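TrEMBL annotations:
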{"type": "ACT_SITE", "residues": "149", "note": "active site, proton donor/acceptor"}
{"type": "BINDING", "residues": "7, 385", "note": "Mg(2+) binding site"}
{"type": "BINDING", "residues": "14, 209, 210, 211, 212, 213, 283, 284, 285, 331, 332, 333, 334, 335", "note": "ATP binding site"}
{"type": "BINDING", "residues": "92", "note": "substrate binding site"}
{"type": "SITE", "residues": "181", "note": "site 'Transition state stabilizer'"}
{"type": "SITE", "residues": "242", "note": "site 'Transition state stabilizer'"}
Ligand code: ADP
C-alpha cells in the first residue's frame with residue numbers, strides 16, 4: 001500500500017508518495033508561490049520521481065490548481081495516482097486544538113472543525129483545509145487522514161500547559177500551551193529508544209528540533225512533559241524569522257510607542273524577527289558564512305540563538321531530573337556541528353559531553369556524538385515527518 005502525504009502551507013504544497021512499510025519514497029515534490037504572479041523563470045512545481053525531475057513553470061492560481069498540476073506530473077512520470085495502490089492520503093494539520101489528538105479520518109464534520117480552529121492558527125489551518133478539500137475532490141474514493149502537529153503534546157501536565165493569566169479569559173478563548181512539531185518529536189523520540197535499544201517508556205529525553213522553525217521538548221517515559229512552542233508556533237526558541245520568547249510588554253510598546261497595528265506586529269514577530277531580524281539572513285548556512293567573515297550582527301544573532309537554546313536545555317534537565325538522551329534533529333540540528341557543540345558546551349558536570357570528532361562526521365543516519373562513557377547519550381537523528389504521517393494514516397485505514 002502507498003500513501004500520499006500532503007503538507008499544505010499558505011503559499012506552498014509539499015508532498016510525498018511513499019510506502020509506509022518499507023519507507024520507500026516513490027515520488028516527492030513541492031509547489032511554490034501559489035497565488036503569486038511569477039515571471040522570474042524559477043519553476044513553481046518541482047516533482048522528483050525515479051531519479052528524474054519534472055518541472056512546471058508559470059503561475060498557479062490556488063491550491064486546487066496546484067494539486068491538479070501535481071496529479072498531471074504524477075501521470076507524466078509514470079505514476080497515475082488513480083491507478084496506484086493508494087491506501088490513503090495523509091494530511092499534516094498544524095492545529096488540532098483541544099478537539100483532535102489522534103490521526104483522524106476526514107469527514108465533512110472534521111473539515112469544518114479544523115476550519116473552526118483557524119482562530120488559533122490563522123496562517124496554517126485555512127491552508128490545511130484547502131489542501132484537504134482539493135485532495136478529496138481529486139481522489140474522492142481514497143480515505144483522507146488528518147495528522148495533527150499538536151497531538152503529541154495533548155497530555156502536557158497542567159502546570160506546563162497553563163498560562164498564568166485570568167483563568168476565565170483563558171478558558172473562553174482556548175488559551176493554553178498546545179505545542180507544535182509534535183509529529184517530529186514523536187517520531188524522533190521513538191527512533192531514539194530504538195537506537196539505544198531501550199524501552200520507550202523507560203527513558204527520559206530532550207529533543208531539539210532545529211529547523212527554520214525550532215522547538216524543544218522534554219519527554220519523560222514516553223510522555224511529553226514540556227515543550228517550547230505555545231498557543232502558536234511563535235513561542236520559545238529563536239527561529240529563522242520568528243522571535244520566540246519575548247516580554248509581552250514589547251507588543252504594547254510597539255503598538256503605543258511605534259504606532260504599529262496588530263497585523264504589523266504579527267508580521268514583525270513572525271516574519272521579520274529571529275535570525276533574519278538580527279542578521280538579515282534566516283538560513284543557517286548563510287549565517288555561518290557571515291560569522292566566519294567577521295560579521296558582528298550575524299555573530300550576535302548566533303549568540304542569542306545559542307543562549308536561548310541553552311536556557312531551555314537547562315530548564316528541561318531540571319524538569320526531567322534524569323536525562324538519558326539529548327537529540328538534535330531537523331535541518332540545523334542534523335547538519336550544523338557548531339550549533340550542537342555550542343548548545344552543550346561545558347556541561348560535563350551534568351554527564352553531557354560531545355565528542356568533537358563524532359560531532360564533525362557528516363552522515364544521513366542516526367548516530368551518537370557523545371563521548372564513550374558519558375552518562376547522557378547525545379544523538380543526531382534525522383526526522384521524517386512524512387514517513388510518520390504515512391504510517392499513522394496507513395495504521396488508521398488498516
Ligand atoms: P523547516 O522544515 O522548518 O522549513 P528544515 O528542517 O528543513 O526547516 O531546516 C531548514 C534550516 O536548516 C535552514 O535554516 C537551513 O539553513 C538549515 N540547514 C540545512 N542544511 C544545512 C547545513 N548543511 N548546515 C547548516 N544548516 C543547514
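Easy rule for this one: first residue shown is 1, then count along the chain.
A Cβ is built for glycine as well, from the same backbone N, Cα and C atoms used for every other residue.
No curator has checked TrEMBL annotations; they are predicted automatically.
In this structure, the CA atom of residue 7 (Mg(2+) binding site) is 20 Å away from the CA atom of residue 242 (site 'Transition state stabilizer'). Taken in sequence order, the recorded positions 149, 181, 210, 242, 385 that lie near ligand 1, meaning a CB under 6 Å from one of its atoms, form an empty set.
Under the three-state DSSP scheme, residue 181 (site 'Transition state stabilizer') falls in the coil class. The shortest Cα-Cα distance from the residue listed as 'substrate binding site' to any of the binding-site residues (14, 210, 212) is found for 14. Nearest by CA distance to residue 210 (ATP binding site), out of the recorded positions 149, 181, 242, 385, is 181. Remark: residue 14 (ATP binding site) has 6, 7, 28, 29, 30, 31 as non-local neighbours, by Cβ distance under 8 Å and separation of at least 6 in sequence. Distance from the CA of residue 385 (Mg(2+) binding site) to the CA of residue 334 (ATP binding site) is 14 Å. Here the C-alpha separation of residue 242 (site 'Transition state stabilizer') and the residue listed as 'active site, proton donor/acceptor' works out to 18 Å. Under DSSP, residue 334 (ATP binding site) is assigned to a helix (H, G or I) in the three-state scheme. Around residue 149 (active site, proton donor/acceptor), the C-beta neighbours below 8 angstroms that are at least 6 residues distant in the chain are 92, 93, 94, 95, 96, 180, 181, 182, 183. Spacing of residue 283 (ATP binding site) relative to residue 385 (Mg(2+) binding site) is 21 Å (Cα to Cα, whole number).
Annotation for residue 212 (ATP binding site): spatial neighbours 239, 240, 241, 282, 331, criterion Cβ-Cβ under 8 Å with sequence separation of six or more.
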